[in-house]
Amino acid sequence: MALVSEDGGISNRQLGIIGTGNFARALAKRCILSGYTVTIGSRRPSQRQLSAIDECLCDIELTTIADCIKENDLIILAIHAESYKDTLTSLAPMFSGKVVIDVSNREVPSRKQSNAEYLSTILPQAHIVKCFNVISAYIMDTEIAGGSRRVFVASDNLTAREQTSNLARDLGFVPVDLGVLASSRKIENFVLNLFPGWKVPLFLTFGIFNLWCLYIVYIYFVVKTAFRWDQLFVKVLNKPLCMTAITILALTFLPGNVAGLLQLYNGTKHKRFPKWIDNWLKVRKQFGIISFVLVFSHVIFSVLLLSPTYYRSWFQPVTITIPANLSSDLKLPMVSWMVWKGEAACLVGFIAFLILCFLALTSLPSIGESLNWREWRFVQSKLGYAALFLSVAHAMIMGIPGWIKAGPWKMFGSITFLSIQLPLVVLVLKLLLTVPCVSKRLRKIRRGWERNPTKTAPSSNRDISNEKYRALTSGCGCSNNKTQATNCCGAPNQSPDSKTLLPISNCDCSVV
């Protein structure tokens, strides 16, 4: 087996690749440019001419699969999983003790068995590693291609994981160790996900936007005719944009307050939140980004419309009078400079927009990684609530003069009044949680204090008769090491011979 040198690199920079497809050729080219000696194994080497496809591959040795396995201790398997059995079964003994990296992907997600786990049943004596499947052939072949440079590594053998991680670093990628080979299910499912965390926020935003649009059409075109139909595209559309933006911004901070109230009610942090709260907390970043995009669109639309014709109440009315000549004076009404409402609304809205821009920048990984936890929490929490407060103030400056003029009953139907109700609830809840006596109790709970520890303590008499457990044999030395425990301890259906039991989890939790 190729050994890991003291400086973290691979001392024997030689590897074999089984397969001659696009990904195999791109991977071979990258390995050569990184200083590796590469051998490619093919079922029909006499019919393949790699140099005719890419002149950079002219120095690569093209041989049979058997010779490729025999000459190398590190093998990258770049063929489809459907070909594993027919191609590798007869050659299985030759893989004994070798590191085999599986780069295949599935066409549909699976929770039962990954391609890498299937490969381990065909090559039981090899050290199977899952890696590089999240990188496309195009990214592998060129440095200017977009996309993440992060690769996930999973294997039951710690040395094989380290060797593969060092190979990934040599190729210019960032390895993320996900532990045992069972994590390969998550790795393979990762590339099949299509914005998994964005579906609910986007659908909810679409629904809220349509509700505000219907309400605006009702009050401005059904109840009274305030606009012409040809103003729908910018002037009218700008209203549901800003109303949806402030609603989504409030939904970004609301679950944190609800979680704090639940912890106060439960008197402990060890009781799990309801699933809907847990899922809501996980998509706060998506809600924040959507809110920023809507606010940005609102700012652009408002700049396009910023004139006395559209925002008459923002500007000072001026009347030019031409003295009478034959009959009477001719008066020409005009609007000149902004009044306090226009200037205050612009100032407060602009500051809120600047803060949201800063929040959006810190959500980028390259910038967020430069902040420590306290800095990141200050930006995302303190400045986030400041942006929400200023957004409410912006809406109130826009609406209060109209509320006074229309009266209390019509005020309740105003779009500015309705749009700030949820943000006001969020701000009031946050204010409640910052009251010294409340915040002190919440801080104690989040540091581990419990109002009634006996209610949250795990039961020692829990019935485990219907649960699958793996028994750790006494003295095997692996009870504190997950990887070693997988390698040396009994199978799930093995009868336990000690009191050290680990439940076999079927949950879908993963770093991916």
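Yeah, the Cβs are placed from backbone N, Cα and C, and that goes for glycine too.
Sorting the domain 'Pyrroline-5-carboxylate reductase catalytic N-terminal' (15-105) by DSSP state (H, G, I as helix; E, B as strand; all else coil) yields 44 helix, 22 strand, 25 coil. Summarising the annotation, TrEMBL assigns domain 'Pyrroline-5-carboxylate reductase catalytic N-terminal' to 15-105.
The domain 'Ferric oxidoreductase' feature in TrEMBL is assigned to 243-389.
According to TrEMBL, the transmembrane segment annotation covers 202-223 (among others). A Cβ distance under 8 Å defines the sequence-distant neighbours of the transmembrane segment (202-223), meaning residues of its chain 6+ beyond its ends; these are 195, 229, 236, 239-241, 243-244, 247-248, 251, 286, 290, 294, 413, 415, 418-419.
Per TrEMBL, transmembrane segment is recorded for 243-266 (among others).
The transmembrane segment annotation in TrEMBL covers 287-307 (among others). Among residues of the same chain six or more beyond the transmembrane segment (287-307), those with a C-beta under 8 A of the stretch's C-beta atoms are 201-202, 205, 234-235, 237-238, 241-242, 244-246, 248-249, 251-252, 349, 352-353, 356-357, 359-360, 363, 384, 391.
Residues or ranges marked as transmembrane segment in TrEMBL: 338-362 (among others).
According to TrEMBL, the feature transmembrane segment maps to 383-404 (among others). Long-range neighbours of the transmembrane segment (383-404) within the same chain, counting only residues 6 or more positions beyond its ends whose Cβ lies under 8 Å from a Cβ of the stretch, are 242, 245-246, 249-250, 252-253, 288, 295, 313, 341, 344-345, 348-349, 351-352, 355-356, 358-359, 411, 414-417, 419-420, 423-424, 426-427, 430.
Per TrEMBL, the feature transmembrane segment maps to 416-438 (among others). Below 8 angstroms of C-beta separation, residues 212, 215, 242-243, 246-247, 249-251, 253-254, 257-258, 260-261, 264, 385, 388-389, 391-392, 395-396, 398-399, 402-403 of the same chain, each at least six residues beyond the ends of the transmembrane segment (416-438), sit close to that stretch.
For the domain 'Ferric oxidoreductase' (243-389), the DSSP-based tally of helix, strand and coil residues reads 101 helix, 17 strand, 29 coil.
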